[in-house]
Every structure is written in C-alpha cells, then in structure tokens.
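Report on the following structure.
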Amino acid sequence: MWRRVTSVSHLTFAHKSTVNKNACTFKCWESFTTEIPRKEKTTYQRAKTPFITFVLGGPGSGKGTQCMKIVENFGFTHLSAGELLRREIASNSADGIMILNTIKEGKIVPSELTIKLIQKEMELSDNYKFLIDGFPRSEDNRKAFEQIFGAEPDVVLFFDCPEDEMVKRVLNRNQGRVDDNIDTIKKRLKVFTALNLPVVNHYLEKGKLYKINGVGTVDEIYKQVHPVFSSFHFEVRV
Ligand SMILES: Nc1ncnc2c1ncn2[C@@H]1O[C@H](COP(=O)(O)OP(=O)(O)O)[C@@H](O)[C@H]1O
Ligand SMILES: O=c1ccn([C@@H]2O[C@H](COP(=O)(O)OP(=O)(O)O)[C@@H](O)[C@H]2O)c(=O)[nH]1
Ligand SMILES: [Mg+2]
C-alpha cells in the first residue's frame, strides 16, 4: 500500500533551497506498511540533489535536437514540457481540450498543470540528471517551479537563434504538430519575446545561463553544448 506524503524536503533539494526554505511541497510515494515489500526507491527519490537543466530557446531553435545529443553523451533524462502536454491531449484527459486550444494559440498552459506533469515524470524516473526542455516559458512558470520544488536549476541552456531561421525550421519540421503553421508561429514568437526572454534574463543575471549560438549544423552547435556538461565531470558515454 502506498500513500502520498506532502513534504519530503529532507529528501530532495535540501542544499539548494535558496528560494523559500519552508515551501518545498515536493511529493513522492512512500511505503507505509510492512505487509507489502517495500518498493525500491527510484534514484531520483534517493538522490538528495537532482541535477536540473532548463533548456530554453524560441520555437525551432533546436532545443529538442540538442537534448537528444546530451542524453546520448551524458545519460540525462529528457523531459520536453511540450511533449508531456501533447501526450496529455492524446490521452483525452480532462485538461486535454484546454491544452490543445492553448497550444494552437501559441499561449502558455497554466504553470501548475505543466509542473504536475514534469514532477510526475521525475518521480517515475530512475535517473537524477534531468533536461527540462521548453520550460519555464514565463516568469510565472519559473516562480511556480521554484516555489513548488524549493530549488533552482543547476544549469540553464539558451539557444539563441534568429527568428527567420526558427520560422524556416519549424515550417520544415514535419511532425504534424497543430502549432507548426505560420499563424501560430508568429504568435509563439511574440509570446517568446514577451514572456520567455525575461526568464532568460533572470538566469543571465544569476550567472546560470549558458548562451549557445543556435545557428550552424547540429554538430557545430553541440560543440558549444558539450563543454557545459563536461565541466561538471559527468561520466561521458562513448
Ligand atoms: N542546427 C540545425 N540546423 C538545421 N535544422 C535543425 C537544426 N537543429 C534542429 N533542426 C531542425 O529544426 C527543427 C526544429 O528543431 P527542434 O529541435 O524540434 O527545435 P525546438 O525543440 O527548439 O523547437 C527540426 O525539424 C530539427 O530537425
Ligand atoms: O512549459 C510549457 C511548454 C510548452 N507549452 C506549450 O506547448 C507548445 C509547444 O511547446 P514545445 O516546447 O514542444 O515547442 P518547441 O519550442 O519545441 O517548438 C508551446 O508553444 C506552448 O503552447 C506550454 O504551454 N508550457
Ligand atoms: Mg521542442
């Protein structure tokens, strides 16, 4: 039998709680009977210090593509916020229609909903290194995450790419996404400038931002990304 515990700040993020030390309401599942064998805790639940990377950049700036290479080389778990939201739409969940309409309009889904999906994936993961791709997209997203997790990211990557290049890539993406059309892209670019750039600037001021030139081949761009992670001395996969 399992119960939900509401505060496990002693298990997670303890040393990084610079935001609000009393506010960590991160939840995990814990066994509370002896009749049923105690479930093995995931690495994330055991780890006192998950390593969190936020991956930021406009639509089509190459976030997802570069995340795949980081996963390959450094064994991170990739959590694309947009992908989690699309999965929620596909599962016909109660929030599905609202999420679909928000994405079609290029707007931002309420923070608590996106954070709930990210949190669930982290709890289920057996990893402690996470790439959170395409989140936070606004100061509200950022503040809500830091409030709920009681922690800030370790690294923030920002893929800096000119608008015309981003538009070209998105229109050629060919993944059948409802938001990969010129009307929605224009809206998304406006939302990016108005709401996402303030997040980028926040982390720049905090000294956590790694600005990457998002123009060039995938490998050329990855050459700038790789040293960010090797500087943390993670094991490199060959
Ligand atoms: N450096 C690059 N040069 C050209 N095309 C790219 C590059 N990086 C990614 N792409 C392509 O551009 C599109 C958008 O990339 P993606 O990684 O999905 O960006 P994002 O997640 O930031 O929206 C995809 O079709 C991808 O294959
Ligand atoms: O934290 C998030 C991430 C995504 N989205 C929505 O999902 C869309 C697609 O996001 P994704 O990151 O997949 O797009 P990308 O930047 O990779 O093209 C966004 O435009 C938003 O409408 C959101 O509301 N909150
Ligand atoms: Mg993406």
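From the backbone N, Cα and C atoms, a Cβ is placed for every residue, glycine too.
Annotated ATP-binding residues in TrEMBL are G60, S61, G62, K63, G64, T65, G216, and among R137, R173, R177 the one listed with them is R173.
R188 is the residue from R188, R237 that TrEMBL records in the ribonucleoside 5'-phosphate site together with R86, K107, I108, V109, G134, F135, P136, R137, R177. Ligand 1 lies within reach of K63 from the binding-site residues K63, R86, P136, judged by a C-beta closer than 6 angstroms to any of its atoms. Taking a Cβ cut-off of under 6 Å from any atom of ligand 3, none of the binding-site residues G60, S61, G62, T65, I108, N141 qualifies. Within 10 Å of G64 (ATP binding site), judged by CA to CA distance, lies none of the binding-site residues P136, N141, R177. Neighbour counts of Cβ atoms within 10 Å were taken for the binding-site residues S61, T65, N141; the minimum is at T65. I108 (ribonucleoside 5'-phosphate binding site) sits 17 Å from K63 (ATP binding site), taking the Cα positions as reference.
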